[in-house]
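Marked as signal peptide by TrEMBL: 1-19. Residues or ranges marked as transmembrane segment by TrEMBL: 553-577, 592-612, 624-648, 668-687, 714-736, 748-768, 774-796. The domain 'G-protein coupled receptors family 3 profile' annotation in TrEMBL covers 554-818.
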Amino acid sequence: MWKSKVPSLTVFLIHWVLGFQSVVWKETSASCRLQGTFNPHVLYMEGDFVIGGVFSLHPTVQTQHLISFISFARAMEFAIKEINSKQDLLPNITLGYQMHDSCTAIPMAVNAAFQLANGQDAEIVTDASCPKVASVAAVVGDSTSASSIGMSRILGLFGIPQVSHFATCSCLSNKQQYPTFFRTVPSDNFQAAALAQVVKYFGWKWIGAVRSNTDYGNSGMASFLRVAEKEGICIEYSVAFVKTDPLRKVKQIADIIRHSTARVIVAFVQGSDLRVLLSELIKEPQPRLQWIGSEGWMIEPDLLNFGLFSGAIGFSFEAFAMPGFRQFLLDLSAIEASQTSLLKEFWEDTFGCKLQGEITQMGLEQGVRVCTGSENLNNVNSFFTDTSQMRVVNMVYKATYAIAHALHGVVCNSRQQGLPNCNKSMILEPHQVLQQLKKVNFTVNGYSVMFNSNGDPANGAIYELINWQVSKEGKTHNVPASVCNENCPPGTRKAAQKGKPICCYDCVACGEGEISYYTDSPDCVSCPDEFWPNSQRDKCLPKPIEFLAWDEVLGIILTVCSITGTCMVVAVTGIFYRHRTSPIVRANNSELSFLLLFSLTLCFLCSLTFIGRPTESSCMLRHTAFGITFVLCISCILVKTIVVLMAFRATLPGSNVMKLFGPPQQRMTVVGFSSVQVLVCILWLVLSPPFPIKNMSHYKERIILECNLGSAGAFWAVLGYIGLLAVLCFVLAFLARKLPDNFNEAKFITFSMLIFCAVWITFIPAYVSSPGKFTVALEIFAILASSFGLMTCIYFPKCYIILLKPEQNTKKHLMGKVPSKSLSIWIGDMV
């Protein structure tokens, strides 16, 4: 038998709440008698030890929900039947049960807790002899968190264990407030985190939130919102209600949903509450929404019948097999059903008939169909008979077995051989069952059952993802978009909108040189120095390297010009060598002429060192070769100019100038002028030579591969020295231009120096302002232009006479004894 010793003051309080009235007061005792009546249980069976059960069997008046939730009570009945048949768990002991319907109402659940915690004696005396008889050893239930909390506050006063199969509120893990509470379902903290991950996975950043205004809904939604905030998910609205709220409040919530821009709703609600809201929403058609659901309503797929879902995704508990349970359900007969009001109601609702004994004459006259008794549940296709989806039913089964194992630990002694020895007449203390319940660790149908220190399943949370589809063919629907605004594509960044949630933002293109790799990037990042964004600004590409290449059009043109000039110099050299004994060649210092032709050849060829990818050797060669060859060239011209002046001074009586400036002195002058430039170039190469660099400052989007001068002073010294010699040569040639002779070379030197100086004076500002490879091209152009100018002005007139006017290539003509106008005409054409 089951007797419980509990504090007398507490018993008195409970009895007073239940309807007992104190009639006799003494100093040490009180006499109480029962004033009211107990609410009848829905299922009951006598036993040596009785387990209580509280289930929400009538959450609404709709029949199908009775059909759903009656399976909870039947699962407990099935488990106890199995336990009673086992010889290794509680041998020789018969477990009984006493089940109540809380109707998803907290007052009803608390009332049931009072009845299960107390006896049913008509009168008691609260003195030392008071038996303080309670009804049950432990309680399974309830089906909701709110009602389970109310029950636990009552049962906890007595230390009576309570094991819930469906109360998931994380608040129930608090052992200070709920010391005797256990559950076979995981806390909502796990589910809330899982729901947030689902929302994040589908990219839903802008959602609505609906919850039951109960401990279950408020606690579960609070956990979800905490995780959602960390994941960057924004909530457009968050509303709470319960089914008993005024219709006006439910309508306000429905209007909020209708006018919102969020296409996804996370609903932490009980199924009975959601039905009230859906009934209001269906009154005005609206686009279907994607719902994300908690286990409180995801186990009720008939909610799809409202037609308001584009789909629903959520979690429920893991299903596991209960061998024999389906047959147990189907074996229910009409006679057995007629024994209890609950099964009778279920039978009549399922088959649409009335069991005999309940039909009045009026009912017969109204055509009420009488159950024949031959009805068979095997022929019924309903949620009650489909055990494949009974996930919560499994939790009832586990809870019942957990209590049975706890009772085993209290009343049974294990033996090395044979069955355990169990004392069915033992008087149990509630704390004994409670302590054993904390220690249970067993496996049923392959699934482990044990509790942690908070009374939660010790093996954590195992969920199954449930995906409701509207399509009858079972095809998956397209994933809807639910964002405050369109996602920012790669190449842009998010910019928060003032006064709006972080999920509402504008998309701003990344700045110059910046990219963003992924969608909804909060910031843009700069590309590395040698990289630049593509046109979409979502990828860094290597910057194109720019230099004057051999194979590009500009490089080819300059190369052809350089080779052409070189060939022309070679041709002129050939002409001069063939006519080296002619008066015009000999009269113009043939040795200096050939040296000048050699230097011009080098001038044309040195331009080629500026083409191609700059290297350390090419950078040092190009500027020094240019400087030395041009100084050699200008030195030869300068000496020739001096020779012209000296030659005419030598015609004066008594002059011996030519003896002082003969060929040896001319050679030494050329060497002397050139040596200065050679010395400057050597110092340049030794102290601070040119070297190749990647210029990334002039253009941000490309790299200019160029030669750094190393020492800008050395470069301008080389160029300045060339300019100094050219100016000196120009001045001397200009002074000698009007000296008498039919072929005064000073005139042509004047023209050549004029061209040379004009080219290089123009080159300086253009060189400074020209970007990239065009700087190199401009330098090559200056080299080629000045080289062509020197060759054209100095050698073409001589070649003209040698090839086309041989009659003028005589000593007499050159001495001015034969007048000729042809040369003057040619010179006039050149000018």
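Every residue, even glycine, has its Cβ placed from backbone N, Cα and C.
If you look at the transmembrane segment (553-577), the same-chain residues 6 or more away from its ends with a CB under 8 A from one of its CBs are 585, 590, 593-594, 597-598, 600-601, 604-605, 607-608, 611-612, 773, 777, 780-781, 784, 787-788, 791, 795, 798-799, 802-803. Tertiary neighbourhood of the transmembrane segment (668-687): same-chain residues 592, 595, 620, 623-624, 627-628, 631-632, 634-636, 638-639, 642, 710-711, 714-715, 717-718, 721-722, 725, selected by CB-CB distance under 8 Å and a gap of 6+ residues from either end. Under 8 Å from some Cβ of the transmembrane segment (748-768) lie the Cβ atoms of residues 634, 637, 640-641, 644, 719, 722-723, 726-727, 729-730, 733-734, 737, 775, 778-779, 782, 785-786, 789-790, 792-794, 797, 827, 830-831, all in the same chain and six or more residues away from its ends. Long-range contacts of the transmembrane segment (624-648) within the same chain: residues 588-589, 592-593, 595-596, 599-600, 602-603, 606-607, 609, 657-658, 661, 666, 669-670, 673-674, 676-678, 680-681, 684-685, 718-719, 721-722, 725-726, 728-729, 732-733, 735-736, 739-741, 744-746, 749, 752-753, 756, 779, 783, 786-787, 790, 794, each at least 6 residues beyond the stretch ends and with a Cβ under 8 Å from a Cβ of the stretch. Summed and averaged per residue, pLDDT over the domain 'G-protein coupled receptors family 3 profile' (554-818) gives 81.
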